[in-house]
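S.K.: Taken from TrEMBL, the feature active site, proton donor/acceptor applies to Asp196. Taken from TrEMBL, the feature divalent metal cation binding site applies to Glu10, Asn146, Asp196. If you look up TrEMBL, you'll see Arg93, Asn95, Glu113 marked as substrate binding site. Sequence annotations record features per position, and here TrEMBL assigns domain 'SMP-30/Gluconolactonase/LRE-like region' to 8-255.
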Amino acid sequence: VVKEKNRMGECPVWEERESALVYVDINSQKVCRWSPLTNEVQSVSVDSRVGSVALRQCGGYVIALGKRFAFLDWDTQAVTTILELEQDKPNNRFNDGKVDPKGRFFAGTMAEETAPGVRARRQGALYTLFPDHSVIKQLDQVDISNGLDWSLDHRTFFHIDSLAYAVHAFSYDVHTGKIACPKLLYHLEKEEQMPDGMCVDAEGKLWVACIDGGRVIRIDPETGKRIQTVRLPTPRITSCCFGGKDYSEMYVTSAYDGLDKIALAKEPHAGEIFKITGLGVKGIPQNFYAA
């Protein structure tokens with residue numbers, strides 16, 4: 001549905017109030033908004049790689065870019081820093097993020113590659129930004145903090161550390177926002193490659209984007225089993241979310257960075273955004289950051 005190619009399209013969020021899909025292109029340092037009504041993509045350039053975007057209750061967006069949390073005012077394009085973290089880790093940046101059921105913004109960090117396929121291990125962390133702008137560190141020694149979401153009963157937090165090739169489930173206290181007691185939920189099969197972004201559907205099942213696996217997979221968190229696979233027409237599938245009028249459409253982002261010239265010539269759809277219909281299941285609206 002979006003032919004404008006992204007170097008590293010990520011973190012799609014359906015914004016009901018705009019009837020639009022908001023997402024980031026991490027490596028182009030842009031926050032983007034696509035309207036299905038006009039088929040137009042608007043974007044705001046920022047000064048660092050932007051790992052995630054989420055909706056704010058009072059309008060505009062909360063973003064995680066470089067090593068800081070910030071607000072983005074879409075109309076003025078102004079970026080206001082809330083807090084900078086990990087100043088002792090010059091090679092780190094924020095990656096995926098999402099707002100929890102009580103309006104707190106969870107986002108994690110990762111080490112950038114120093115050469116193709118080379119990165120310092122266990123340099124990342126997972127943080128929670130509270131509505132009063134305070135921050136706590138939830139996890140440490142993460143490789144690539146990635147996809148995250150919550151169970152429908154708000155008792156479980158799901159999180160992906162990409163280089164573990166796995167989805168983990170944590171107990172989650174909705175009152176404090178704290179997570180604890182990680183358990184392995186699903187380990188990806190070889191052909192599924194590496195897990196990236198993730199979302200939950202209205203039946204409480206998880207959808208995981210498989211980067212280099214060219215697919216999204218549906219996992220039942222009760223049984224820890226994969227129950228569905230949807231293949232996409234390009235390999236570097238990065239994330240997914242539900243949207244549209246009744247949240248019955250799935251939007252899937254992809255990337256062309258990481259493909260060499262020969263691979264790119266064979267992958268005309270790399271970096272585009274796709275819509276999957278007919279899944280027979282709906283999603284749920286996104287949470288708003290409560291400040």
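From the backbone N, Cα and C atoms, a Cβ is placed for every residue, glycine too.
Unlike curated records, TrEMBL annotations are generated automatically.
These figures come from a predicted structure and were not determined experimentally.
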S.K.: Using C-alpha positions only, work out which of the binding-site residues Asn95, Glu113, Asn146 is nearest to the residue listed as 'active site, proton donor/acceptor'.
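M.R.: Out of the listed candidates, the nearest Cα belongs to Asn146.
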S.K.: Is it possible to get the count of other C-beta atoms within 10 angstroms of the C-beta of Glu113 (substrate binding site)?
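M.R.: Summing over all protein chains shown, Glu113 (substrate binding site) has 12 other Cβ atoms within 10 Å.
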S.K.: By CA distance, which of the binding-site residues (Arg93, Asn95, Glu113) lies nearest to Glu10 (divalent metal cation binding site)?
M.R.: Asn95
S.K.: Quick one: pull the CA-CA distance for Asn146 (divalent metal cation binding site) versus Asn95 (substrate binding site), whole Å only.
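M.R.: It is 6 Å, counting Cα to Cα.
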S.K.: Given the recorded positions Glu10, Asp196, and counting only Cβ atoms in the protein chains shown, which has the most within 10 Å of its Cβ?
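M.R.: Counting Cβ neighbours within 10 Å, the top one is Asp196.
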S.K.: Using other CB atoms within 10 angstroms as the count, which residue among the binding-site residues Asn95, Asn146 scores least?
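M.R.: Candidates: the binding-site residues Asn95, Asn146. Fewest Cβ atoms within 10 Å: Asn95.
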S.K.: By a simple count, how many Cβ atoms lie within 10 Å of the Cβ of Arg93 (substrate binding site), its own Cβ left out?
M.R.: 22
